[in-house]
Amino acid sequence: MSAALEKFCGSVFWNDSYLARPDADLPVCFQQTVLVWIPLGFFWILAPWQLLPMCKSRAKKSSVTKLYIIKQVLAALLMLTAVAELALAFVDAEQGAVPAVQYTNPSLYIATWIMVLLVQDARRFCLRRDSGVLFCFWILTLLCGILPFQSLVRKALQEPISDLPRFILFFISYGLQLLLFLVSGFSDIAPETKEIWKKNPEVTASFLSSVTFQWYSSIVFKGYRKPLEIEDVWELKDKDKTKALYTAFEKNMRTAMQKARAELEKRKRKKRRQEGDPDHGNSMSKAQSQDILVLEEKQTKKKKKKGDNEDSGPPKDYPKGWLMKTLVKTFQQNLLLAVAFKVVHDALVFVSPQLLKLLIAFVSDEDSFAWQGYLYAILLFLAAVIQSLCLQQHFSLCFQLGINVRASLIAAIYKKSLTMSGATRKESTVGETVNLMSADAQRFMDLANFIHQLWSSPLQIILSIVFLWGELGPSVLAGIATLVLLLPINALLVAKAKTIQERNMKNKDERMKIMTEILNGIKVSLASFAVYVLVDENNILDAQKAFTAISLFNVLRFPMATLPMVISSLVQANVSTARLERYLSGEDLDTSAIHHNPIAGRQCCAFLRGHLRLGAGWQRCHKRPSCLCSVTLDIMPGSLVAVVGAVGSGKSSLVSAMLGEMENIRGHINIQGSLAYVPQQAWIQNATLKDNIIFGSELDEARYQQVLKACALLPDLELLPAGDQTEIGEKGINLSGGQKQRVSLARAVYSNADIYILDDPLSAVDAHVGKYLFEHVLGPKGLLQKKTRILVTHSISFLPQVDNIVVLAAGAVSEHGSYSTLLANKGAFSQFLNLYGNQEEDVSEENTAVVWGGVVSGQCLTLPSLIPLLVAEALAGDEEEADEAVDPCMEERTEDVVTLTLKREASIHRRKLSRSFSKKSTSSQKKAQEEPPKKLKGQQLIEKEAVETGRVKFSMYLRYLRAVGLCFTFWIVMGYVGQYAAYVGTNLWLSDWTDDSVRYQNQTYPTERRDLRIGVFGALGVSQALFLLFATMLSARGTVRASRVMHQQLLSNILRAPMSFFDTTPIGRIVNRFAKDIFTVDETIPMSFRSWISCFMAIISTLIVICLATPFFTVVIIPLSIFYYFVLVRNWALSEASALLRAVPWWLLGFVLVTSLCCSFQRFYVSTSRQLRRLDSVTRSPIYSHFGETVSGLSVIRAYGHQERFLKQNEITMDINQKSVYSWIVSNRWLAIRLEFVGSLVVFFSALLAVIAKGTLEGGIVGLSVSSALNVTQTLNWLVRTSSELETNIVAVERVHEYVTVKNEAPWVTKKRPPHGWPSRGEIQFIDYKVRYRPELDLVLQGITCNIGSTEKVGVVGRTGAGKSSLTNCLFRVLEAAGGKIIIDNVDIATIGLHDLRKSLTIIPQDPVLFTGTLRMNLDPFDQYSDEEVWKALELAHLKTFVQGLPERLLHLVSEAGENLSVGQRQLVCLARALLRKAKILILDEATAAVDLETDHLIQTTIRSAFADCTVLTIAHRLHTIMDSNRVMVLHAGQIVEFDSPEQLLMKQGIFSAMAKDAGITAAESTAL
């Protein structure tokens, strides 16, 4: 081979003598062949693939740019130099023989430069016009060209140039290649891609910019100049957006889950065979087998002991093992690329110790040539730089994998929540599902960051041992034995961690963390070195062996440290995998029973013919008995059908069945046309009122206005601060119950569907408003007159106007027909009408006329009886009073704090906000874009979440350290100081030990000295472990204490926050504090603090070692210190810095700057990173809020078929969060690559100084210096990274502290306690009581004075805004007095604690509140009453029969928010709870709005008998419920205008009398109930 090459070149190919001299060089033939062909071979292997974009037919070529022209011109000039060189060869050939290489190389170069031209042109088809292959080729060709370059220069300096043309052509060619390399570093952006570049510069960045993350620099500088906002963060690449990620994930998930389901079936069949029941269920239909499964499940549960938790039974099997496979398949490209980078990095990790070995040999050998030392220093630098580039690309891919996995999982969880069946929904509460999104998805993200350590760590450990064997021989087995002995301990701890993790997923096992760190601190080197010197007297530990081994042990430290962490993370992810697989593989909603088959002669109808039951599919609770049996209905197009029945008769179940939300046992439902659904409890989104009505449809202005008018919403628009652009809070908190219901109805009407399913929409509105809505929307002359309407109602007055009535009883249709038919049948319905019908009979037309449009002071008037009063007030000039007089919607509904606050604020602007505002607000989109509307006061209810800016205050660190305990903190730091003092001692002792090989050269090594060396070395190693054990144990205790303290502070303060805080703060925002932020305080901050202290001490110890080893290094420290000062610090206050500098001696200046300033954060980076972390927290809240909102409105979303729109909204919300997290990840890489470059310079200079100082240094000192420098590169990166992570994570403390400082209500308990048994009589006195919502607002109660006697029954009535809710709020001190006082049984309620006050009063709210748990727990949460008392309360609340029919009776599990009970039943549970407490004062707040008349009558009877000796305040829509009160209080504009017995008030012909007439009550009938 060599001979052939020599013939090819015409000169010597290789000769060792060329290197065995001070001015070493390579033979010319070697330079002309190997150094030319290596870069060309690399290029020709990869270049053809670069031409593929030209072959794509659809690809469009981008424009020519100046940079492109420069590149092409330079490449063309290169081709010309190659042509000239080839021509020169032909000219020389005429004069004599020319070596073949003179023809071959120019020809190869001509072909190469033509290919370069083609590749550069092909890149115009790509978004990123720069070629990575070309850039690497330029680097290779320049590096290989350096040797010929220096050879030619040296020859030219020594003797005249023999071949001047080729000499000139070489330098021209080299210069052109250098220019092309420099030009390739810039990003080439075509004009048509500039918009894309502005959104995300990464997609157009050059190769150099990509690998160094230079494209990110602009956002770092922007973040330094000003606090970043979410708009400043660049958009994600299309492939990283949630939609693209989830599409790929879902495709793979379907395939994997299908296989997993098949495996599940096999397991089930095998289990059945083992139980001796072969082919069980094979002949059954799906429905029958499900039915049997339900029965089996019930039988299993009956066998359980009473009170046993459900989890104690055998866990339900589910498809397993598919999630990890899906993730690997979805992200395999990322995984493979990351593997490639890690392999290169890991290979280079072992190059550095070998180079160190050569460097020590060079320093020890006096005859070695200087060029060798310089070569080793340069190679160490290059190895460190390439290692750094590969590692950062690897980490970038890993972290990107992490956020992409998280996004895919959250998207999958969200989509599952939209499609899952009712039974699956009941298995997971909203809180648990949010936990899946936050904690479990986060586990996968954490695992993905270091997943490759699972194979990389064992590989590094094996290679380290192989190289150590080469250094120390069999002695290394002692070290391996130590590792092997520690593995069972590690395995035991991992198993223990899994057990604890399964029990409590959010809390890691702190003991395992301690043990892992102890294991990392144990010096394996002790065993190896000791055995090495003990086994043979001739084994002398010299510098080469010791420090090469030390470097290898340092390499070993990282995989040894990370492997247990990754295993622990894998264990945690394994627990999360099971939870996610169980959730995501749950049954989806089975809509197979819903048919859409055309029916001859009909355009639109709903045709029901089926036998439905609440079972395991669409049920609310799998324990409930049948709810619908043998229902057969045929509803004609355009008909109005009323569904009536008692509470629990199956009305809501029928609605659920029509919506496909129940399990079908037999039969089917045939629906022709689109659906619209109005639920019993209105679902309102956190959006503008207009968006709530339009609900994703296109805006039709005329129809929109028509709907607003028909649904009686126009007067509300004038009341709301910004009309239909007013933001509605979560769950519609700034709307009254009636307003919410009318918005919900308007949404349905606007949708223009074919079929309308209306679940008792009129129960939340006043009688006269209900009539108006029926006449204008639902009735025979309403907007929906031609539509099919199915109306569930408790109101009897509308029944004569409907086409058909369906009467339900016990889940079956008891009667069905027209109103007249049912009356003629003389059945149960007819009897019921005869008993209660007189209460709701229509009064004459003139008495019920509703007038819309009369306006006084911008306020709409609705009742003729009130006009004189309002006119009188207006004439008196009291316009504000007139504004407050009447609410346009006329509802009798209690309101919350925010509603009335907004109304008071709105009163100032109301004249300006006439109906024209509504027209303006609904004007065309174009005009709105031209003139963005100025937000009015009160328009935006939910304020934008506060984002802190600038440096995290030092007080936040102190706050955390105080939570840890200052004493704990001091001793933790002392423990780490002790550990690293022992570490420095170990290294210095080892350095001195290696010098013994020189001292005792050719002598017998004294045994006692050997034993001393081993003993001290061992003692120092053990002391390191002991100090670390001490520090980590204290750290674990302290951080657990800190987490507990901060969680307790947060929880305690949130529980004491006023109601107004919850009204204006989205639940998702609060959940985020308890989920993500507390998770960070629990787990991330402790780890960050320990890592930071460890890295900080490691840096200090390393610098001490280097400075002691090579005093020259202090010369390098000073410029490095200046660099760190300008680049890393500047975020400390100058006063702090100057005080620090004054506190230390001047000679320590350089040392202090490098160490103390290293632990400061990067000047530009930290402000960006910190703000991005805050943006991550802020943008995470809407994900949870949107999810919670979606789950609560699931039936509505499904009914309208808007699942895709909500999925898209979730994707948008996710992408906003994703881009801030991705940006934060890139900022870390941006910093790391720059820091590691500085670390590489440290390595280079320490090696270079060792070469320069050769002859004056011992090999041991050089080994110690350079091995420490090699270690410092990684440690320095980890230090600044942990520093920045610590500050970005401490933001969680800042966010927790924000809610810890939320203003509290009054104290729960004060020094003054009420007497035992208070209140004993129940007397209430209001004395000139005044209240306002905020100091700057008007009074809402204006001097209320009244006495309510013991056991008196008082009804409270008044129009919306009259102050009814304020009155009840004041009794519970939700609002504090602005004047006057309330006295209950001679105790001023303002003088006692809230806990003492509130536990002594009982309220039954309009919206019933139930919790997840047993029915008994909901009735008696503190186990204060016996079962007999509980059953008695149930009997009085008319629930006893229902509860007795449940399989587990009192232990029946109530699902989240009581969803497995009807609204009426929930209300009765609240009544039973009140009956149990039997407080002396009872407040009923619309307590019977959701029940039928018969149940209402029974409840009122119960209240009269059970609470006969109690004082009862009743707020009611139905005036019948308060007609037998002792007195009725009529409120108007915050004042009592009437207060007397119902009889007297009816006779006065005042406000109450007018209201009674509207309700159809006359004096003769007033006391019928």
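Note that Cβ sites are derived from N, Cα and C of the backbone, with glycine treated the same way.
Listed features, source TrEMBL:
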- 307-318: compositional bias 'Basic and acidic residues' (COMPBIAS)
- 336-524: domain 'ABC transmembrane type-1' (DOMAIN)
- 612-835: domain 'ABC transporter' (DOMAIN)
- 970-1288: domain 'ABC transmembrane type-1' (DOMAIN)
- 1324-1558: domain 'ABC transporter' (DOMAIN)
- 260-288: region 'Disordered' (REGION)
- 299-318: region 'Disordered' (REGION)
- 911-939: region 'Disordered' (REGION)
- 34-52: transmembrane segment (TRANSMEM)
- 73-91: transmembrane segment (TRANSMEM)
- 103-120: transmembrane segment (TRANSMEM)
- 132-152: transmembrane segment (TRANSMEM)
- 167-190: transmembrane segment (TRANSMEM)
- 334-353: transmembrane segment (TRANSMEM)
- 447-470: transmembrane segment (TRANSMEM)
- 518-535: transmembrane segment (TRANSMEM)
- 555-575: transmembrane segment (TRANSMEM)
- 960-983: transmembrane segment (TRANSMEM)
- 1095-1126: transmembrane segment (TRANSMEM)
- 1146-1166: transmembrane segment (TRANSMEM)
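Panel annotation: around the transmembrane segment (960-983), residues 521, 1020-1021, 1023-1024, 1027-1028, 1030-1032, 1034-1035, 1037-1039, 1041-1043, 1045-1046, 1081, 1085, 1093-1094, 1097-1098, 1100-1101, 1290, 1293 of the same chain, lying at least six beyond its termini, place a Cβ under 8 Å from a Cβ of the stretch. By the Cβ criterion (under 8 Å, sequence separation of 6 or more), the transmembrane segment (132-152) is not in contact with the transmembrane segment (555-575), since fewer than 3 such pairs are found. When the stretches 103-120, 334-353, 447-470 are ranked by Cβ pairs under 8 Å to the transmembrane segment (34-52), first place goes to 103-120. Tertiary proximity for the transmembrane segment (334-353) is limited to same-chain residues at least six positions away from its ends with a CB under 8 Å from its CB atoms, namely 328, 379-380, 383-384, 386-387, 390-391, 393-394, 397-398, 400-401, 404, 451-452, 456, 459-460, 463-464, 467, 548, 551-552, 555, 1270. On the 0 to 100 pLDDT scale, the domain 'ABC transporter' (612-835) averages 80 in the predicted structure.
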